[in-house]
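Notes follow the structure.
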Amino acid sequence: MQTESISDFGGIQWELLGIMLFAWLIVYFALWKGITQARKFVYFCALFPYFLLIVLLARGLTLPGAFTGISFYLTPNMTKLSETTVWKDAGTQVFYSYGVGFGALIALGSHNKFNHNCFRDAFVMCFINGSTSILAGFVVFSILGYMSLIANKDIAEIVKPGVGLAFQAYPEVASNLPLKQLWSFLFFLMITILGLDSQVCMMEGLFTAIEDVFPAVLRKYKKVSLGVTCLIFFVIGIPMVSYAGAYWLTLFDAYGASGIALLFVVFFEVVGLSWGFGADNVRNALNEMIGLNASRMWNIIWKIISPAVTAVLFIFCVLKYKPLKYPTGEDYPLWAEVFGFFLSSCSMIVIPLYAFYFLLVAKADVPLKQKLRQGLHPQLQMRNGKATSYNGEEEMDFIDCERKMIPQ
């Protein structure tokens with residue numbers, strides 16, 4: 001039974017704790033042999049949900065009221081375009097949906113061959129991601145149209161924010177379907193697979209970053225260090241399987257890796273790449289890797305448009321900030337808001353902290369002015385030869401690429 005507030009822990013739901021432990025075991029064994037093992041798991045998790053989406057869409061389109069829901073989905077409300085909140089929410093959702101700023105794309109991309117066409121991958125990924133979102137919209141709104149007909153309510157009243165659509169709305173409609181156990185199983189199987197897929201990719205991105213900082217220890221004892229990392233995140237997730245878990249999930253979702261924190265990190269990523277590393281160097285890298293002579297138009301996009309859009313979205317998030325509320329409309333307690341801002345600061349503060357570390361602690365024999373110049377504009381040199389790594393022979397055979405760096 002869900003508690004009335006986040007302050008009332010209410011005890012642990014042991015069956016959910018066991019399921020969460022099982023999920024982290026899957027993540028651990030998917031990653032413990034490196035990218036060669038993880039890619040097999042990710043291939044299945046990425047492709048199988050499309051089969052389920054098509055099956056659910058076919059069933060949804062046969063339901064009475066389905067086309068009412070699809071009509072609602074496809075009919076734009078132009079008056080909403082004048083609201084800054086809509087642009088803020090849409091912009092942050094794009095970043096969140098595409099996984100930009102989380103490190104997973106960088107970590108997974110680092111395992112590609114040197115001449116792998118990453119430029120093409122970026123366009124393909126954007127197209128597939130957008131198409132999948134549109135397809136999922138047809139699935140969801142065909143079912144919402146049916147729910148609207150059954151409940152005799154407007155679709156706008158049926159749509160529930162947050163996780164309510166997946167875990168409240170769909171079971172409601174499934175109970176009225178023939179073979180309801182089958183459709184419920186397929187739907188929640190898809191949700192589970194998508195969740196595990198994201199969890200594996202995000203964990204790979206995080207652990208790769210930690211490995212790069214402490215390679216001598218973590219790569220030598222990868223299985224142990226990966227297990228400890230998974231255990232830490234398992235412990236962090238325990239509040240979410242309590243009877244107040246829904247409130248904790250909402251808190252982490254709002255502050256942990258979205259909104260202000262995500263846009264802050266993405267802004268410094270794009271500024272660091274386009275102004276620090278240099279947009280011309282990025283174009284030179286693409287030319288060296290795949291023979292692409294990218295237009296100078298990309299310099300304008302990378303150096304001006306992308307930082308400006310990200311900064312505007314960040315400002316909107318700050319100006320339009322509203323405290324979290326319970327479903328009853330009451331505000332979360334002050335300590336929960338403070339904890340939420342602490343979560344956001346954990347990812348944001350790393351950027352200035354490392355800058356201070358680089359300037360004041362690292363390379364003590366180098367003058368401050370020279371370190372500042374090196375930090376803002378790193379001097380990279382071309383280095384030919386086969387990649388060397390502590391990741392193991394199997395993974396290196398899979399990578400089998402030349403690690404090259406951009407000439408000045």
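Cβ atoms are placed via backbone N, Cα and C, with glycine included.
Among the candidates SER97, SER110, SER225, SER242, the residue that TrEMBL names alongside ASN129, LEU194, ASP197, SER198 for the Na(+) site is SER97.
Taking Cβ-Cβ distances under 8 Å and a sequence separation of 6 or more, the neighbours of SER97 (Na(+) binding site) in its chain are ASN129, SER133. In this view, ASP197 (Na(+) binding site) is surrounded by 20 other Cβ atoms within 10 Å of its Cβ, with every protein chain counted. The transmembrane segment (255-279) makes contact with the transmembrane segment (94-110): 3 or more of their CB pairs lie within 8 A, with pairs spaced 6 or more apart in sequence. The transmembrane segment (224-249) is not in contact with the transmembrane segment (41-74), judged by fewer than 3 CB-CB distances under 8 Å for residue pairs 6 or more apart in sequence.
Beyond the transmembrane segment (41-74), the same-chain residues lying 6 or more positions past its ends with a Cβ under 8 Å from any Cβ of the stretch are 30, 132, 135-150, 155-156, 177, 183, 186-187, 189-190, 193-194, 196-197, 200-201. A Cβ distance under 8 Å defines the sequence-distant neighbours of the transmembrane segment (94-110), meaning residues of its chain 6+ beyond its ends; these are 35, 118, 121, 125-126, 129, 133, 201-202, 204-206, 208-209, 257-258, 262-263, 265-266, 269.
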